[in-house]
Amino acid sequence: MDNTIGPRVDPSIRAFDFTALFEECFLDILPWSLFLLMLLVRLKFLLNRPKIIRVDRLCLIKEALWTLYAVVKLAQLILWASIAAFTTAGTVPAAALAFVGCMGGSVLSYFEHCRSRRPSSLLGILTLLILLCDVTRVRTMWLMDQPRAISILTTAALPINILLLVFESLTKTAVANEKEASRSKEEIVGILNRSVFWWLNSLFILGRKHVLHMGNLPRVDSKVLTSYAAPKVYERWESKPQSLMLQSLQAYPMTLLRGGLCRLFTALFVTSQPLLLKRTIRWFSEPSTPVSDAEGYGLIGAYLVVYGGRAVFTALAQHQNYRLITMIRASLVSLIYDRTLTLDLVEAKESAALTLMSTDVERIGQGLQFVHEIWATPAEFGVAIFLLQREVALGSLAPVIIIIVAIVGTVLLSMKIDPHQKEWIGAIERRIGSTTDMLRNMRGVKMSGFEDALTSILQAMRVEEVNISRATKLLFIGCQVFSTATATISPVLGFTIYVLMQRAQGKPGLASSSAFTSLSLFSILSSSVYIFLTSVPAIFSGISCFARVENYLVSENITGPTDAEGQDSEASSISAEKISIIAPKIAPSDYLLVIRDGSVRWKGQEKAVLSQINLCIEQGSFCVISGSVGSGKSSLLYAILGEASLKADTFHISTTSIAYCQQSPWLPDISVKECVLNGRDWDEDLYKRVIHACALSEDLAQLSAGDHTKVGYEGGTLSGGQRQRVALARALYSRRRLLLLDDTFSALDPKTEKSVSGNLFSSSGLLRELGTTVICTTGKPGNSNKYADYTLDLNKEGEAQLRNTQKDMQDDEIEASTYSREQNGPKKQEEDANHESNQSPETSQEHELAQESVPTFSSMIFYLRSTGMGFFALSFSLSLVYSFWQNFPTIWVNLWTQHDAKHPYGDLAKYIGVYILCAVLALVTHTVVTWFVNMACNGIDGAAVRAGPTRDTPENSGTASITGRGYVVFTNKHRAPMSYFESVDIGTITNHFSQDMEKVDLEIPLTGVQALFAFTSALVQLVMLSIGTKWMAITFPFIIAILAIIQRQYLKTSRQLRLLDLEAKSPLYSHFTETLSGLATIRAFGTHKQCQSINTERLDCSQGPFYLLYCAQRWLTLVLNLVIGAMAILMMGVTIKLRGSTGAGYIGLAFVNLTTFSQSIQSLLTWWTMMEASIGAVHRVQQFEKETPQEDVLGQVTSPPHSWPKAGLIELKELSASYLSSVSPVLRNVTFTVQPGQKVGICGRTGSGKTSLILCLQRMIKINSGSILIDGLNTSHVPAKTLRERLICIPQDALIFNGTVRLNLDPQSSFTDKQLQDNLRRVELWDLISSKGGLDATMQDGLLSHGQLQLFCLSRVLQKKSPIVILDEVSSSADEESQRLISKIIREDFKDRTVISIAHRLQQIADFDIILVFSQGQLVEQGSPEDLLGRDVSLFQDLFSQQDK
């Protein structure tokens, strides 16, 4: 009998065993043959790789073990050959193959050790597989009647195999180079280690013992980082830019394939469970015999294989899936950023990039979670229906029909998701764009008193977004109802059809084995269908987001200047004849820039901004472009840069080496030194010369950390003049051939402007020495104009005239300070003589972030209180009711089969009727809970947002949903002091408004309700497990204790990873936001690669916790599934002992509930892990509500009378102030009084404290000592928001945000359209704006120039009533005509009001009543203009006289 293929040997020979020939063929020959084939392929690959690991003790031990193993196999071969009587046809070939395989294993082990960074996967699988096979072979050997020597040798091979398995799985440490030593643990451990996620244990130990932060977080697999993942998609996209989704999936074929194979094995194990259950019930019903008892123990092994295999392969399939998600995330974010760098400036204002890289990429990831479910689950329910047909015959048609209806319904609903989701994401996009605008301009928002107005606008946008989201959520709910219907209705209809058919045919009714096997199949069927129908809308949503990203990537790039025929004009294409038309006396080679008959227009505008432009610029010359406000000066520079459309008969530029200073300086949030270096190599001498030339030495000396001081977001820690000069220093340090300056001196005081102009443009100036060609725009006569070689005059009609400028290059006495190469820079730079790097030290905040309390149970309580504990109690109760009705039918079926066995078809109507009632009640309660949680939260959300800003007080706690409450908390950030916004990364706040709101708004209701269903179902199923096998109830306390230990181990680390995941995204968002605001500068300097490098670095930083959190979740999936497997094995063991003492129905009941319990746990894990990040977002809401500082301290402020201020009297007494308590004062002992109606001008060098004084008046910086009184009331006792609303203030930088002209003019909706039009007419802008759409026109780049924007902001306050008007350089970008208009408005419209105006153009304040002169934070002069100008020594006189020169 042993010489047959069997597979089972005759029980009379050996009980429950395979034949010897079967074992030799399938447990020896097959695995060794496959190994030898794969050995050849692997060796060919390894021979082409370099040696990266040294031969060490581990290598020698493995070689020794393989040699010993080969010796044992050789001895077996010799013995078998010598005793032919005990062999079969396969004995000698099997032994020979094993010997050859051991020799091959020895060779492969050596090469794998030396040329692969991780232990051999092939040898790891081989040793494990051979070990399992040999265990079976050893048992057979000892049962067979043969020489003991063979059995002894076979047994002796087992410990050697075990040692090989251990040593072949050990991590290698003798690395040959530093690169390999820096690999992550996942990259260097073996396949068995990776399969059970053993490598993650060190992370959990670290998370339990220490606080996780970015500094101690383990490295992640390099293949999920941007440097590896992004090029895979980028190369495919560049070669074939279509179907981004397919390109992304095809870029990682092995990851996709490995995930698919693991999912296939999972499906095999899942569909094996009903067959195993059927065999168990039949075995339980059979009489006890030695053979059947042996089979019982064999069933324990079967449960070990099925449940253990399912646990491992489920975790591996999900792990490969989430690796795919992580890699696609890296590639998409990188692609979006790269595309953003080529984005048109007008499109950049729409903030699509932020939404795409956050919301859309997140939803793509959510859809990709189900990428293998879309094919695997249909396969599962196909197999389940086939097996079901064998049990209930035509009863299997019921689930088929229901599945078809559910799938068709779900697909139809999912197809409708796309347009609704696009509308929803569009609303999110608009909200995030407006929110980002508000945050970027928070200083201007506060100074203008628009905090509440803009917050109300944001809240209205939030309400609109919530309302738009309802349609999408309803469609998701509909899909869930279809999937639930399969689970609730299929079993009852299937059993009803089967029983009625059986009765009609006179056959036996419902048997216990068929009933519970069918229930198990129905459970698998419903679970598979549920996952499939859940995955369909998620995948459709992901496809929709892929399409949005794809549309963004293929949108039109910026177009450079073109000639009249539309062909790109290269430097080599210009002809001497064309140049000679404009400048016949100069050789063409002398020109750096030539434009002939050029016209400039912005995208989306038909009318040209400039026309008939003729311009010839010699190399090394200095050209000034002058013109009135709105004449197109900046547009011409943008056209030269390629940002605006330039068409010309001739366009020639002989260099791409361009530096650019835009009118509103763009400075990333890094140190001053890093801004100046801009990624270039350190040159100490040049750096000192540049700092001195830009007159920054004195400014840097006053900063707390010198040139290592961070400039803040958009240069918020610097004054306007300092920002312009730092940007200028960056341009000078770049040493470019062409320098474009867009009104760069507008914020400089006359003395500083004169000094900088001389240092740069005089005959011995730095730019003259470097031979740099300069084109500078200006709207006013200035010190730089007299150095110009050419002047291009632009008029309001967009026409230009080029003329030579008569220059007097004689330097006067003041110009003695002109740039000198030997002049020393600031002392701070002297300390850096040995500086070798352009990177300054930065203080990491990661550890501080990580030390924040992580989300705990209190976060969930916070969420539940926000939605209302009654709301949660009702939801939980209804969910428990659903779970009962969903699971009670298993008990009912057991009662039915017992009754049917005694009374065939007795009380059939009762059993069918109750079953139908249970199904209907389950479906109804499920639908109610799903709708209630999703839509009721949505309704509460809108109400909470409309309720407006609130703090958490006993009166309102628990009255609003976390979604609405969270947004209110975030919008309340405008109540924080300005120092908060200057110290907090704007990306962090943007992250709150995008990621956190996305998670709290969408994910918690959708995933939370599913997790709730799974949790209550698991509770009910545990009870039913104890009903099936009462002895199992004894183990429940131990199981619960084990689960509690696992939960504690997991949550301690996962909470911190969730927080790090959210925090690590903030710098990424900040960089996106900074890039969008500085596109023109980035492209002008050509620092694309530097910006891409920063993006890659920050993206990789966020990939770490993002990926590790997914890995930790897979570890939890594996461990809990192994616990369920242990429960199944334990239950089978209990079943063996209970055999004959209980009915088979109860055993079936127990195992069915174990199957459903495992599905509930799997579902709970799936939905809970999806909800984890949302819980982290809830925690952040909780933290920010608690920790965000407030400007007003309760009890220290009181609301002033409604009529305050009435007169406009301002008194400052011994005032000292600083931006932060740790920083030296910016104002020192300032004392003065302004009488009602007086006009006060403030002047002084840039950085002298002028703007700081205005900020003090508005309580925007910290007052250290002294007081400010307005109409006798101390402003420190007035709520800051109220104070700013009662004053009129126009900040230095024009405050413009996304929206219409009407919204920008009147955010508070206080005036009629006619009043707004009259205001625009007063500043002479109405004709221009009305021609572009009037009040409904959208504010965008190109609509108004910088000077016109200042006039626009002035028109905004003309109708506002307040006795005090504060103006911060409102004419800095205005031409002379506009300055006269502004002066007229101040004299006429504000004649009875107190006016405080900062000005660098001193003519603007020459007719004011009082002049205040500041220097280094102190008031050094005050008096009337006449008095100060008449003094022998006067700083004001000095400034005034330098401006006139």
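Just so it is clear, glycine is given a Cβ too, placed from its N, Cα and C backbone atoms.
As given in Swiss-Prot:
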type: TRANSMEM; residues: 21-41; note: transmembrane segment
type: TRANSMEM; residues: 77-97; note: transmembrane segment
type: TRANSMEM; residues: 119-138; note: transmembrane segment
type: TRANSMEM; residues: 150-170; note: transmembrane segment
type: TRANSMEM; residues: 187-207; note: transmembrane segment
type: DOMAIN; residues: 259-541; note: domain 'ABC transmembrane type-1 1'
type: TRANSMEM; residues: 297-317; note: transmembrane segment
type: TRANSMEM; residues: 368-388; note: transmembrane segment
type: TRANSMEM; residues: 481-501; note: transmembrane segment
type: TRANSMEM; residues: 520-540; note: transmembrane segment
type: DOMAIN; residues: 595-821; note: domain 'ABC transporter 1'
type: BINDING; residues: 627-634, 1244-1251; note: ATP binding site
type: REGION; residues: 803-850; note: region 'Disordered'
type: COMPBIAS; residues: 824-835; note: compositional bias 'Basic and acidic residues'
type: TRANSMEM; residues: 868-888; note: transmembrane segment
type: DOMAIN; residues: 974-1173; note: domain 'ABC transmembrane type-1 2'
type: TRANSMEM; residues: 1026-1046; note: transmembrane segment
type: TRANSMEM; residues: 1116-1136; note: transmembrane segment
Number of other Cβ atoms within 10 Å of the Cβ of Gly627 (ATP binding site) across all protein chains: 24
Thr1246 (ATP binding site), number of other Cβ atoms within 10 Å: 25
Chain residues in Cβ proximity to the transmembrane segment (868-888) (below 8 Å; excluding those fewer than six residues from its ends, i.e. six or more beyond): 487-488, 918-919, 921-922, 925-926, 928-929, 932-933, 936, 940, 958-959, 1009, 1012-1013, 1015-1017, 1019-1021, 1024, 1153, 1156
Residues of the parent chain within Cβ reach of the transmembrane segment (77-97), under 8 Å, 6 or more residues beyond its termini: 2-3, 20-21, 24-25, 28-29, 32-33, 36, 144, 146-147, 149-150, 153
Candidate with the highest Cβ count within 10 Å, taken from the binding-site residues Lys633, Lys1250: Lys633
All-chain count of other Cβ atoms within 10 Å of Val629 (ATP binding site): 26
DSSP-derived class (H/G/I helix, E/B strand, else coil) of Ser1248 (ATP binding site): coil
In three-state DSSP terms, the structure that Lys633 (ATP binding site) belongs to: helix
Proximity of the transmembrane segment (1116-1136) to the transmembrane segment (119-138), 3+ C-beta pairs under 8 angstroms: no
Overall pLDDT for the domain 'ABC transporter 1' (595-821), taken as the rounded mean: 81
Same-chain residues near the transmembrane segment (187-207), Cβ under 8 Å, at least 6 residues beyond its ends: 117-121, 124-125, 128, 165, 168-172, 216, 218, 221-222, 312, 315-316, 319, 1049-1050, 1052-1053, 1056-1057, 1108, 1111-1112, 1114-1115, 1118
Chain residues in Cβ proximity to the transmembrane segment (119-138) (below 8 Å; excluding those fewer than six residues from its ends, i.e. six or more beyond): 18, 23, 27-28, 31-32, 35, 38-39, 42, 101, 105, 108-109, 112-113, 151, 154-155, 157-158, 161-162, 164-165, 168-172, 189-193
Residues near Ser1248 (ATP binding site) in space but at least six apart in sequence (CB under 8 A): Asp749, Phe1414, Ser1415, Gln1416, Gly1417
Protein Cβ atoms within 10 Å of Ser631 (ATP binding site), excluding its own: 27
Protein Cβ atoms within 10 Å of Gly1244 (ATP binding site), excluding its own: 27
